[in-house]
2 protein chains.
Amino acid sequence: MKNKKINTIISLLGSLLFLLGFVLLIPLIVSLIYRESLARIYLIPAIISLFLGVITRFKFREDEISLSTGMLVCALGWIIISIVGAIPFYLALDYTYIDTLFETVSGFTTTGITVFSNLSSMPKSILFWRSLIQWLGGLGFLTFFLIVTFRGQSGLFQLFTAESHKINMSRPVPNIFKTVKILWGIYLGFTVLELIILKFLGLSFFDSITHAFTTLSTGGFSNYDQSIAYFQQAGYTNYKIIEYVIILFMALGGINFLVHYKVLTGKVKELWQGIEMKYFWGIIVTITSLILLDHYLHFPLILNKLEETIRHTLFQVISVLTTTGYGTRDINAAFFPALAKQLLLLLMLIGGCVGSTSGGIKLIRVVILNKLFKRELKKISYPKRAVLPVVVDGNIISDSEIFRVIALLFGWLLLIVIGGGITALTSDLPAWNSFSGIFSALGNIGPFYFSVEKMQSLSITIKITYIIAMLAGRLEILPIFIIFNRRTWRG
Amino acid sequence: MKNKKINTIISLLGSLLFLLGFVLLIPLIVSLIYRESLARIYLIPAIISLFLGVITRFKFREDEISLSTGMLVCALGWIIISIVGAIPFYLALDYTYIDTLFETVSGFTTTGITVFSNLSSMPKSILFWRSLIQWLGGLGFLTFFLIVTFRGQSGLFQLFTAESHKINMSRPVPNIFKTVKILWGIYLGFTVLELIILKFLGLSFFDSITHAFTTLSTGGFSNYDQSIAYFQQAGYTNYKIIEYVIILFMALGGINFLVHYKVLTGKVKELWQGIEMKYFWGIIVTITSLILLDHYLHFPLILNKLEETIRHTLFQVISVLTTTGYGTRDINAAFFPALAKQLLLLLMLIGGCVGSTSGGIKLIRVVILNKLFKRELKKISYPKRAVLPVVVDGNIISDSEIFRVIALLFGWLLLIVIGGGITALTSDLPAWNSFSGIFSALGNIGPFYFSVEKMQSLSITIKITYIIAMLAGRLEILPIFIIFNRRTWRG
Ligand SMILES: [K+]
Ligand SMILES: [K+]
């Protein structure tokens, strides 16, 4: 029984490595196009992946898997492909292996915290690989889990997260593989659309495709140290429109892709009718307004700078809410006063919609917690025996689902306390700034309240903590705890 | 029906005012003893209270009350006695009425945030009144709720909070009034004991009784601007022992009084056998060790200062965990590095044991959330239909109780976000420091990460926010929301 389980795990991980082997050929081609003579750095990990993939697939047979095994495979899968995916960075650049692993995990989990500097001097294929892993990670985590659990007991993936739950509840077609195809189709379509628009607005083809990758995946890696502020600084005439376009596509990346599917098939009302979408727009309007209010309590209102201020504010709110993490202004700057800084931290916790590429706790969980809170208040005024279910979009949320949401929130807070503590203990960062780093890592956001140079110089302990946090956030906490549970490894 | 309900509310509030009228005679006597000729400032509110108390008790008749009415009466009760209890401060001192109301609410809720300065120059009877309201508030909130709900449907108070729930579950005698008598007996006994010890160690009788009041009530008001650090600075030879004695009695104030009852009746094991006590001691040891570790990573270890460092650390950990808020060191000082500051903020959230005079979310809720989290992790590895209850000290915690705990936590976080935001918006405090103020107010602690002078200078908006937060924390959140619910006021 035990061997059977471990065989299944190895076999599934082998399949994933096999796939990674082929994916590594894409930056290889890019390096050939740009005549970088870096073929070696992609061929080595590609061959390792394909070799391991083939022998594990031949040696081990797959079997039905349980929920805990599915979670375990998801967690281990992303760790393994990050370990291999880091090899090109390690071979091409002058960083320690831990730093390149950090960058790769930050990529696959679509976190976007970078420990690399002087990005614009790097080989093109390296920058391409860096943005491609974000694009693959964006929809990849969800896909991999759907496929892994689909092999298991029927209805299993319903149990897992609100994410797969919602996907299952309202997926357009009963066949899971067709659903996955539709999701990737929409993802690819939006990416191509953004690529074309950015190219049209004056970006190079290379900048257009890499930024399209990291916008739709809400990843946030840019080819420039200045992030999106680069386009203004480098004198792009269309920089304002570029910023608005990126705002639009970040928002698209943060919305449930099944909502996109419905909108694309004619049900445009879906964009604002579900409660999660109402929260999405409501939060954007409210938080943007509050930050503007806070800003103008600290700075004079100059009319011909009003558009600029609103644009920077809106950009940052959508960037953090969708967990993209692009910047046109440093969130640590005086431009964002104390309340603004608090609100951006709050947005880091919340995150985007389920079924999107966003990280964070996800809006629907905030909705559920809010409804639960109101229900408990109501209970006090109602007769003792009144039954008051928690209803979201007409569906009763079961007690066991509510408990899962709470466990997620509690695990999240626990990791914030632990990670913030480790950061504070092993660095010279103040208490608040230490917390912001772990908020950002766990929410797969990117920015935090200290400088990128500071991040690069932090201890290995902190970097490993953040690697675990980035994975934990992307896997929605529970699988990470599952790894450390002995029972999971038993038969 | 509606009139009947409002009559009951008025009648109960009248009883409370009537009681307050008599209580106000105590500082009146103190002022006569010290020949301060301040009788007037106590007589005026006493007469108002007695007058209002008498007419409402004669005019209105009481009736059975519902849970929501009980909560409403508790919330309104403490607001009304604070409004009247502030009058002596307002008449004797040169502060605005809002400032004196703030101080009174801070007193009754045992928060201990002060907006008064030059305490040692104040009339003795004023300082006495200031510490007496903390002593009355310490056990008063619990008592008042027990008595109010006892009038209602039988078993009603079981529903309310873990506090009254636990009291009911394990109260020593079936009669509620006898239970209350036992609680106050223990409270009074400990207070007298501390008074005697402090007097013996060299404090004046006045300092001994007032500090005994504010230790056991975990209130934290001191007669000195320097708080407990005063005794060292003023050259008391026994200052070390004084500090250890206060550590001991703060801990006693933070422990469930029913545990004290059991210990006093011979069951000494109760001090460490229940899970809440295990958490209590475990947290003290763990957090003290972590803070010491953090401290010594930033400061050299000087052996003949080791005892002092441990003493200051232990003092602050127990002071914050029990929500007393006394200080021998400013928590904002470099003595407590970044991790220490984070941990003290975390302790502000947690608070002491149920059935104690502490504020905060209370340890037992942290236990329940932790057990729930572990249960949810277990669920993943267990067969789908396995029933895994949340068990605390051998008792199964019902789903509805878990939901109440979560609602409390969610309401708490909500108020922290709102209160921290208001502080940041209407002051020049940074984000982190703004949050610390509302953590302290809501947890009924006292200290925060800015200076007392800064607190005194903050806007009325912030002061009113903190007044609401202090009441909300002491009433455990839900009753405050109940006030703003229209349904509560209906029949
Ligand atoms: K990101
Ligand atoms: K206090």
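Heads up, the Cβ atoms here are built off N, Cα and C, so glycines get one too.
Bear in mind that the values here come from a model prediction, so they are computed numbers and not experimental data.
Summarising the annotation, TrEMBL assigns transmembrane segment to A:12-34 (among others).
The annotation transmembrane segment is assigned in TrEMBL to A:40-58 (among others).
Marked as transmembrane segment by TrEMBL: A:70-93 (among others).
DSSP assigns A:Gly219 (K(+) binding site) to coil in the three-state reduction, placing it in neither a helix nor a strand. Feature annotation from TrEMBL assigns K(+) binding site to A:Thr110, A:Thr111, A:Gly219, A:Thr323, A:Thr324, A:Asn444.
According to TrEMBL, the transmembrane segment annotation covers A:132-150 (among others).
If you look up TrEMBL, you'll see A:182-206 (among others) marked as transmembrane segment. Note on the transmembrane segment (A:182-206): residues 124, 127-128, 135, 138-139, 142-143, 172-173, 212-213, 215-216, 223, 231, 236-238, 241-242, 245, 249, 252-253, 257, 260-261, 264, 357 of its chain, located 6 or more positions outside it, place their CB under 8 angstroms from a CB of the stretch.
Among the features that TrEMBL reports, transmembrane segment is placed at A:241-259 (among others). Packing against the transmembrane segment (A:241-259) from elsewhere in the chain are residues 138-139, 166-167, 170-172, 183, 186-187, 190, 194, 197-198, 201-203, 211-212, 215-218, 228, 231-232, 270-271, 274, 276-277, 280, 284, 311, 314-315, 318-319, 321-324, 326, 328, 352-358: each is 6 or more residues past its ends and has a CB under 8 Å from a CB in it.
Below 8 angstroms of C-beta separation, residues 251, 254-255, 272, 309-310, 313-314, 316-318, 321, 335-340, 343-344, 347, 350, 352-353, 363, 366-367 of the same chain, each at least six residues beyond the ends of the transmembrane segment (A:279-297), sit close to that stretch. TrEMBL lists A:279-297 (among others) with the feature transmembrane segment.
Within its own chain, the transmembrane segment (A:343-368) has Cβ neighbours under 8 Å at 109-111, 138-139, 142, 161-163, 166-167, 187, 216-219, 253-259, 275-277, 279-280, 283, 287, 290-291, 316-317, 320-323, 331, 336, 390, 392, 397, 401-402, 405, 408-409, 412, 435-436, 439-440, 443-445, 473-474, counting only residues six or more beyond its boundaries. The annotation transmembrane segment is assigned in TrEMBL to A:343-368 (among others).
Annotation source TrEMBL lists transmembrane segment at A:405-425 (among others). Same-chain residues lying 6 or more positions outside the transmembrane segment (A:405-425) and placing a CB less than 8 Å from one of its CB atoms are 162, 349, 361, 365, 368-369, 431, 434-435, 437-439, 441-442, 458, 461-462, 465-466, 469, 472, 476-478, 481.
Annotation comment: TrEMBL describes A:464-484 (among others) as transmembrane segment.
Tertiary neighbourhood of the transmembrane segment (A:464-484): same-chain residues 68, 71-72, 74-76, 78-79, 98, 101-102, 105-106, 108-111, 113, 137, 141, 161, 163, 359-360, 407-408, 411-412, 415, 418-419, 422-423, 437-438, 441-444, selected by CB-CB distance under 8 Å and a gap of 6+ residues from either end. A:Thr324 (K(+) binding site) carries neither a helix nor a strand DSSP state and counts as coil. Counting only residues at least six positions away in the same chain, the Cβ atoms of A:Thr109, A:Thr110, A:Thr111, A:Gly112, A:Thr218, A:Thr323, A:Gly351, A:Ser358, A:Gly359, A:Gly360, A:Met470, A:Gly473, A:Arg474 sit under 8 Å from the Cβ of A:Asn444 (K(+) binding site). Fewest other C-beta atoms within 10 angstroms, among the binding-site residues A:Thr110, A:Thr324, are seen around A:Thr110.
Every protein chain shown contributes to the tally, and the Cβ of A:Thr111 (K(+) binding site) ends up with 34 other Cβ atoms within 10 Å. Among residues of the same chain six or more beyond the transmembrane segment (A:40-58), those with a C-beta under 8 A of the stretch's C-beta atoms are 10-11, 13-22, 24-25, 27-28, 31, 84-85, 87-88, 91-92, 125, 129. Shown in sequence order, A:Gly107, A:Thr110, A:Thr111, A:Gly112, A:Ser131, A:Gln134, A:Trp135, A:Gly137, A:Gly138, A:Phe213, A:Thr324, A:Gly325, A:Thr357 are the residues of the chain, 6+ apart in sequence, with a C-beta less than 8 angstroms from the C-beta of A:Gly219 (K(+) binding site). Shown in sequence order, A:Thr109, A:Gly112, A:Gln134, A:Gly138, A:Ser217, A:Thr218, A:Gly220, A:Gly325, A:Thr357, A:Ser358, A:Gly359, A:Ile445, A:Gly446 are the same-chain residues outside A:Thr110, A:Thr111, A:Gly219, A:Thr323, A:Thr324, A:Asn444 whose Cβ sits within 8 Å of the Cβ centre of the K(+) site. Under the three-state DSSP scheme, A:Asn444 (K(+) binding site) falls in the coil class. Counting every protein chain shown, the Cβ of A:Thr323 (K(+) binding site) has 32 other Cβ atoms within 10 Å.
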